[in-house]
Every structure is written in C-alpha cells, then in structure tokens.
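S.K.: Structure in structure tokens, see below.
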Amino acid sequence: TGYKLSVSPEMDIMEYCRKEWRGNTPVAKRMRKGYEAVAQKFASIRRIRGDNYCAFRATLFQALSQATQLPRWLQSEDFTMLPENLLSKYDWIKQWQLKQKPGKKMGEISDEIKEYLILLRKKWKNISEIKNPLEKQEACDKLFKNEEEEYSLYEALKFLMLNTAIELYNADKSGRRVPVFSWLLFARDTSSNPCQLMHNHLNHVGHSGGLEQVEMFLLAYALQYTIQVYRLYKYSTDEFITLYPNDPEEDWPVVTLITEDDRHYNIPVRMCQETML
C-alpha cells in the first residue's frame, strides 16, 4: 500500500458534501444542511486520514497551521522534565504503552517521551515563526507527511493528556475546583483514577480506539486550546456547534473541526471573508 495522505488537499465544502451525501434519506438531508452551515464560514474542507489518531491529527494540524507563537506551557523550563518528574512520583507510568518503532531499541520510557516532547516544542516553534501563510501551510503539510515524526507528536499529546488528568485528579482530591468534565472523566468505571485512565483509555488511543468525547475536553485542556466542533449529525440542535471546554478561557486560541459521527474528524479551512459593514 502506498503512503496514505494524512491530510488531503483542500476541496470545496459543498462539492465534498454532494459527493458524500447524495440521496434523500433524513440523514443525508441533515448532513447537507450541516455542511451548508459550515460553508457560511469556511470555503474548503480537508479530509483527515481515518485511523484512530484522527482527533489528534485534526486538532494539531489546525493548531500548527495558525500558530504564531509558542504556547506558554511549551515555553516553560521544566516542560521536558515532565516524564522524569511524573515517573518519580507514579511508578505505574512505567506501563505507558510506547509506540513501538520497528528495529528501534526502546530506551528508558522517560527518555523516549522526553524526545517526543522536545520534538513537539521544536516543530511548534519552527512553524510558528514562519510569517508567510503559504510557507506555513507547506511546512505543516510536510510535517504531516513524515509518519515517524507525526506519530511521535501524538505520543507527546497523549502524555500531556495524562499529565493534565493527574493534575485535575489531585486538584479535585485536595478540594480545589475542577471543570465538570473532570468529574465525568473519573466517574467512568474504566477510569476512576489516572492509572486506570492510562491503562484502559490512553494506552489504546491510536491502536484500538480514538478519543471519546470526554477525552476531547482533556485534549483541549492539555493544549490550552478551545476545540470547536461542528457535529453535523446534531444539526438543528443546540449541540450542533460544541465547544471543548464549553466555558473556555478567554485567551485560549480556537481550532475548528468537523465530524459527522463524533468518531472521525475532518477540518474546515479558508475562513470566508466576513462581509465588513
């Protein structure tokens, strides 16, 4: 099999919709209405390759495409010390499921993850420093054609999600206020604490499953980005445009995704020029 594009070239949104949703079933009608609503704001769509990493791929691609600076949390000195610091407190993190690279000797888990975090910072910094929008887009396209690097970045995101989950769990246990999704995350039988979350969920993301909705909140918190999602099958309900988190911080940048089923995500691109009054 040839290499499948991670992020397909742009296509007109309504053209894409007509191709995907012919016919007159209620579902097709609703999807077309949903795409029409997205087309009020965005001109094109780019398909995201549909493996179990697509939520990461769509979110990170959008974040990098519009990055003009390094997020605060990526600038901090101790960012790359995260794996060592966490492992010194939580022995169970040793069971983190590292992505196996064929023919590569796995080193210490903290060294591996540190490598991924350093790569994330480097790529984010390089791309955010590119001023020319066309060159920035090219750099993003190039990054998402490099399978080895791309999957290392998802590994970094997953680890950041674990770190955020641990912070929220500890904050809640010590009586501090936490966002509502954090209760929901730990109210699941399969993730009543961060260790279970790792074993039963994060270790499987990308392999046997994608991100569940409550984990989209966790991703948003880890990145300190608001993830805005057009959920087309919810068209004409108040969940059609869903924000993760739903009470975002003022200064978090926003990325926009499209989903037809809460499992697979694509991205809208090229904001339509708002008619200036």
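Quick reminder: no glycine exception, Cβ is built from N, Cα and C everywhere.
Found this in TrEMBL, in case it helps:
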type     : residues : note
ACT_SITE : Asp51    : active site
ACT_SITE : Cys54    : active site, nucleophile
SITE     : Glu239   : site 'Linear diubiquitin binding'
ACT_SITE : His264   : active site
S.K.: Out of Asp51, Cys54, Glu239, which of these recorded positions is nearest His264 (active site) by C-alpha distance?
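M.R.: So, of the listed recorded positions, the one sitting closest to His264 (active site) is Cys54.
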S.K.: Between the Cα atoms of the residue listed as 'active site, nucleophile' and Glu239 (site 'Linear diubiquitin binding'), what distance do you get, rounded to the nearest Å?
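M.R.: Distance between the two Cα atoms comes out at 21 Å.
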S.K.: In sequence order, what residues of the same chain, 6+ apart, have a Cβ less than 8 Å from the Cβ of Asp51 (active site)?
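M.R.: Long-range Cβ contacts: Gly206.
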S.K.: Would you mind listing, in sequence order, the residues at least six apart from Glu239 (site 'Linear diubiquitin binding') in the same chain with a Cβ closer than 8 Å to its Cβ?
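M.R.: Within the chain, Glu239 (site 'Linear diubiquitin binding') has Cβ neighbours under 8 Å at Arg231.
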S.K.: Measure the Cβ-based neighbour count of His264 (active site), defined as the other Cβ atoms within 10 Å of its Cβ.
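M.R.: I count 18 other Cβ atoms within 10 Å of it.
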